[in-house]
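K.L.:
The structure under discussion is supplied below as structure tokens; questions concerning it will follow.
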Amino acid sequence: MITLTVIYVFVVVLFASFLQTLTGFGYALAAAPLLALAINPKDVVMLVLFTGLLVKAVMVWHTRRVGSFSNVLLMFFASIMGALPGAFVMAHISSEMLKIGIGIVLVAVTVLMYRNITVTIANHRIAQAVVGVNSGFLASTTSLNGPPVVLYYMNEAAEKETIRANLARYFVLGNSASLLLSYFWGTLNISSLTLNAAISIPALLLGFWLGEKAFTKVDGQMFRNLALGVISVSGIISLGSGLWNWLH
């Protein structure tokens with residue numbers, strides 16, 4: 001039976017898939033808060049991980065001639081190391097202060113990138129390790145693990161196709177690891193995912209198709225502006241939610 005909730009989930013997933021396909025990231029940022037308005041928040045996390053993995057896997061296949069897992073492996077393993085201090089910080093610093101600080105940093109860095117201020121990197125292996133650690137730290141504290149990786153590739157003036165392809169591979173690894181951990185920890189409730197996942201799959205495919213159509217019409221500068229816009233929204237949301245909880 002088609003209900004308003006079914007239609008709502010379909011539309012949200014379609015939009016999140018479109019954003020993910022167009023920019024290479026932002027699926028969880030768009031889907032999680034919107035889905036939480038209609039379904040159990042505990043189910044949202046697993047649904048976003050599962051459906052996010054599907055759309056990113058489609059992107060990996062579609063960009064198989066552009067990206068390579070070898071380009072992101074160092075960042076992925078470094079992100080695991082970054083998650084450890086992130087968990088420690090979460091236990092000793094209020095989440096409000098952490099969100100405020102991270103929000104300020106993301107907005108500030110985005111402003112610098114908008115002004116075309118970049119950093120010359122001498123050792124890319126070290127830089128990728130640092131990026132991975134920061135991504136893992138943000139993942140375990142705010143779930144915003146995408147911005148450091150995006151900003152790194154933009155700083156390197158990588159082509160939009162390369163950025164998107166490598167982001168898809170990085171997030172596939174991260175989503176897969178998260179789902180495996182959830183399975184072994186017993187927090188992956190397959191039965192609660194069945195209906196919403198079934199609704200999401202056609203929405204994912206339609207969102208991917210629309211996003212791919214839009215991606216081919218976006219030039220490098222517009223892609224950069226879109227990506228920076230998504231990061232700006234991430235920073236503003238983090239800053240705003242931190243300030244709101246702190247003041248209340």
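Note: Cβ is positioned from N, Cα and C throughout, glycine not excepted.
Just so you know, TrEMBL annotations never went through curation; they're auto-generated.
These came from TrEMBL, pasted as-is:
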type     : residues : note
TRANSMEM : 6-32     : transmembrane segment
TRANSMEM : 44-63    : transmembrane segment
TRANSMEM : 69-91    : transmembrane segment
TRANSMEM : 98-117   : transmembrane segment
TRANSMEM : 137-155  : transmembrane segment
TRANSMEM : 167-186  : transmembrane segment
TRANSMEM : 192-211  : transmembrane segment
TRANSMEM : 223-247  : transmembrane segment
K.L.:
Suppose I define contact as three or more CB-CB distances under 8 A, residues 6 or more apart in sequence; do the transmembrane segment (223-247) and the transmembrane segment (137-155) meet it?
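P.N.:
Yes, the stretches contact each other.
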K.L.:
What stretch, picked from 98-117, 137-155, 167-186, 192-211, has the most CB pairs under 8 A with the transmembrane segment (6-32)?
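P.N.:
Looking at each of 98-117, 137-155, 167-186, 192-211 in turn, the most contacts to the transmembrane segment (6-32) are made by 192-211.
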K.L.:
Are there at least 3 C-beta pairs under 8 angstroms linking the transmembrane segment (44-63) and the transmembrane segment (192-211), leaving out pairs fewer than 6 apart in sequence?
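P.N.:
The answer is yes, given that the two segments have at least 3 Cβ pairs within the 8 Å cut-off.
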